[in-house]
Structure formats: C-alpha cells, structure tokens
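Visitor: Right, I'll just put the structure down here and ask away after.
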C-alpha cells in the first residue's frame, strides 16, 4: 500500500511539472519572473526606438515593458530601482508606449500589440515617448523626447 502511494505521488508530481501547475515560471538567465512574464532592466542608455529593437532581439516576443496593472507597475518599479545604477542619466526609464500620430495622441496599444488596460500619467506634454520617472520612484509615466538615451526594461 505504501509503495502504491509513493508511485501515485510521484506520478502526480511529474504531471504537475509537465502541465506547468505548481512550477516556477522559467525565465532566461538574467531575467526576473512576474505573473507568467519575464523582465529585464537594462542599464545601457538607448533611444526609445533602439531600446525597443534591443528588446525584440533579446528573445522571441520581446518588447519594451507593457504595464497592465498597479501590481505589475510596482514590480517593474522595484526591478528598475534594484538594477539600474545611480547616475545622472537614471532620471527616466523607457516603457513600451509612444504617440503614433502628428497630433501627439498616444497609441491605443503597447509596442507588443497588447491593449492599454492601466494608465498612470504624471502629466501631458507634447513629446512622443513614455518612460518612468525616478522622482516618482519609477511609478508614474512621463512624456519624453524619443531620441534621448535612457535605460529601459524589456519584457517577454
């Protein structure tokens, strides 16, 4: 009877591991997991377009981070705070959102194509790309000049 229970328990563990239930989400080395996604704070300043390109080249499905909830915003803020070195250029960090038309209206979707379900603007300006501001502990979104080099966070 005891051996039968051990075999049954072993099969249950294998089944749960294969189905992904109860297993940790597996991210590439150097990436952090949160809610079935992987994130990487990149401490190398780039323009918005170059940062987006860098993220797409890191992994299949990679893009600048899209923030869908306050919980995810808090996770990203902590990740950035812990992984971006303090310099004069750490006032802002790119996220995957920018204005797509001449009237400076923001796109209705993130750079990864997902819908905007959560917003946390600090102010509206005429610049086209969005980032997180250090002064708000990387929790508020601010409009920035797309060509300026800032650090950024990728998501897959």
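Counting starts with 1 at the first residue shown.
For all residues, glycine too, the Cβ spot is worked out from N, Cα and C.
Taken from Swiss-Prot, the feature disulfide bond covers 27-38, 55-154, 129-146. Summarising the annotation, Swiss-Prot assigns domain 'C-type lectin' to 34-155. Per Swiss-Prot, the feature signal peptide maps to 1-23.
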Visitor: Suppose we draw a 10 Å sphere around the Cβ of residue 129 (disulfide bond). How many other Cβ atoms does it contain, all chains included?
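Guide: Neighbour count, Cβ to Cβ under the 10 Å cut-off: 26.
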Visitor: Quick one: of the disulfide-bonded residues 55, 129, 146, 154, which has its CA closest to the CA of residue 27 (disulfide bond)?
Guide: 154
Visitor: Going by C-alpha distance, which of the disulfide-bonded residues 38, 129, 146 is nearest to residue 55 (disulfide bond)?
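Guide: In terms of Cα distance, residue 55 (disulfide bond) lies closest to 38.
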Visitor: Does DSSP give residue 27 (disulfide bond) helix, strand or coil?
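Guide: Residue 27 (disulfide bond) sits in coil per DSSP, no helix or strand.
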Visitor: Among 129, 146, 154, these being the disulfide-bonded residues, pick the one whose CA is nearest to that of residue 38 (disulfide bond).
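Guide: If we rank 129, 146, 154 by Cα distance to residue 38 (disulfide bond), first place goes to 154.
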Visitor: Under DSSP, is residue 38 (disulfide bond) helix, strand or coil?
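Guide: Looking at the DSSP assignment, residue 38 (disulfide bond) belongs to a strand.
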